[in-house]
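Contents: one structure, followed by commentary.
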Amino acid sequence: MFPNNAFMNAHEYFYYKLRNVTHDEDPTNTTSTWFIKRQIREDAPTELQANFEAYLTVYGSIACVLGSILNVFATKSLSNSTRMVWGHLLVVVVFIPTIALTFINFDDDQSFFFNLSMGLISIACFGSLGMMAGGVLGLSALFPPKYTQAVMIGQSFAGVLAALMSILCQAVTSDVILNGQMYFGFSLLMCFISLATYYYLTTLTPPIELEDVDGLIENEEDVQGFDGDNEVSIEAQASHFPPIDSEISSENQEEEGQNWTMYTDIIKKSAIDLTTISVVLIVTLAAYPGLTSLVHSTSRNHTWNSYFSAVASFLLYNCGDLIGRSSANSLRLPRKYLLCIAFLRFLLIPMIAMCNVAPRAHTHAMIPYDGVFILLVILLSISHGFCITNATIGATMSIEKESRELAGSIISLIGVTAAMMGGVLGVLIIKLI
């Protein structure tokens, strides 16, 4: 999740690259954060600035869909490790030229920089949210629900970390160029840390919960591996779990490839949960980050204005999302209630659109209050985290154990497809207001 969040939160850097260069009357302060914010607030953002987050969501979502399709159909033919390593490599390939672009002046051809950035973002999303996210979710689906929840919490924490990094970089330096270099450099470092952590994960023997012992241990010799302390010995576990990076035999691949009903069965059994996930993501991506990032504070406090978007839009949303995902396992709701909440969230879109969004060409701000906007972001984020985590756990638990890894990949594919639809809806809303 971190690459996508990194590009979302580096908006100050991209706003500078896409600024109105005819207003560069003070070259010394042109790269200052406050100069960029003042230019957007007083002179209105350029078309490229106003559309950046929305197009980032659309381009990134399309790439995620393509990556998730590849991940679904490669689940039975390529090992989890193969998909994960290639996903990491794609992200590394993206961040190296992204850092290089911070040293190049694109004032004479901002459209080229915009299109190039969208291409790099798409490749990063293809490898991360497309291949890596689906692979990890599929792997966690093989274990009890708390492991799926842990993955969902990890996704949300990536957003919190990215938002904090954005705020920290702004606090350390007001130079948006140096800000972007620090931010993308840290993102590249995070990718290497992630790859090292995954490699360490592949060396571990998967744990077995007490509730799974009866179904996994079949003979007396295996029972001797149970030590009575809620654990099963390495020897007993190894006989039931292949290594994470093991591949399925060609014979099994052929059998699975002919059995297309497996895909339809998974979708039928988890239809309500998949619908909930889709509706939740459509609403969220229609509002965040494309619409919420355009909301400006009405306060006269200079410091609050400087950090308003980073705090009220990005950090607050990701913290609320983290709270929602963390509380999902403590409060489980029936599927029909989750689906109702998901549809009720559509009401949040027009309410956020009525906040102090700028620029707007066809309507006027009807709710120009910072406090109301913050409340709407809290409702959007907590409901997103709570509903999507509950629905994801419900979807994976409704599938037989032998099909759960594939189910996790399918859930990821449907999720990113819904996110793409939400991103497109968000662009249309921005055009309409």
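We count from 1, first residue shown onward.
In case you wondered, yes, glycine gets a Cβ from its N, Cα and C as well.
On a predicted model such as this, the values are computed, not experimentally measured, just so you know.
Sequence-distant contacts of the transmembrane segment (54-73) (same chain, at least 6 residues past either end, Cβ-Cβ under 8 Å): 4, 7-8, 83, 87, 118, 121-127, 129-131, 134-135, 138, 285, 289-291, 406, 409-410, 412-413, 415-417, 419-420, 422-424, 426-427, 430. What TrEMBL records for 54-73 (among others) is transmembrane segment.
Summarising the annotation, TrEMBL assigns transmembrane segment to 85-106 (among others).
Outside the transmembrane segment (112-143), and at least 6 residues removed from its termini, the chain residues within Cβ reach (under 8 Å) are 1-4, 7, 14, 17-18, 48, 52, 55-56, 59-68, 70-72, 75, 80, 83-84, 86-91, 93-95, 97-98, 101, 106, 150-151, 155, 206-207, 209, 244, 392, 396, 399, 401, 404-409, 411-413, 416. Residues or ranges marked as transmembrane segment by TrEMBL: 112-143 (among others).
The transmembrane segment annotation in TrEMBL covers 150-168 (among others). Residues 1-2, 5-6, 8-12, 133, 136-137, 140, 183, 186, 307, 310-311, 314-315, 317-319, 321-322, 324-326, 328, 385, 388-389, 392 of the same chain lie 6 or more positions beyond the ends of the transmembrane segment (150-168) yet place their CB under 8 Å from a CB of it.
For the transmembrane segment (180-201), the residues of the chain that approach it from at least six positions outside its boundaries are 2-3, 6, 9-10, 12-13, 81, 84-85, 88, 91-92, 95-96, 98-99, 102, 165-166, 169, 172-173, 244, judged by C-beta separation under 8 angstroms. Per TrEMBL, transmembrane segment is recorded for 180-201 (among others).
The transmembrane segment annotation in TrEMBL covers 271-291 (among others). Long-range Cβ contacts of the transmembrane segment (271-291) within its own chain (Cβ-Cβ under 8 Å, at least 6 residues beyond either end) map to 8, 53-54, 56-57, 61, 313-314, 317, 335-336, 338-339, 342-343, 345-346, 348-349, 352-353, 357, 377, 380-381, 383-384, 387-388, 391-392, 394-395, 398, 411, 414-415, 417-423, 425-427, 429-430.
What TrEMBL records for 303-324 (among others) is transmembrane segment.
The transmembrane segment feature in TrEMBL is assigned to 336-359 (among others).
According to TrEMBL, the transmembrane segment annotation covers 371-394 (among others).
Residues 50-51, 54-55, 57-58, 60-62, 64-65, 67-69, 71-72, 75-76, 129-130, 133-135, 137-141, 148, 262-263, 266-267, 270, 274, 277-287, 290-291, 294, 349, 353, 388, 392, 395-396, 399 of the same chain, all 6+ positions outside the transmembrane segment (406-430), place their C-beta atoms under 8 angstroms from a C-beta of that stretch. Marked as transmembrane segment by TrEMBL: 406-430 (among others).
Cβ atoms under 8 Å from those of the transmembrane segment (85-106) belong to residues 3, 13, 17, 67, 112-113, 116-117, 120-121, 123-124, 126-128, 130-132, 135, 177, 180-181, 184-185, 187-188, 191-192, 194-195, 198 of the same chain, restricted to positions at least 6 beyond its ends. With a threshold of 8 Å between CB atoms, the same-chain residues lying at least 6 positions outside the transmembrane segment (371-394) that come near it are 137, 145, 148-149, 152-153, 156, 270, 273-274, 276-277, 280-281, 283-284, 287-288, 292, 295, 312-313, 316-329, 331-333, 335, 338, 341-342, 345, 348, 351-352, 355-356, 411, 415.
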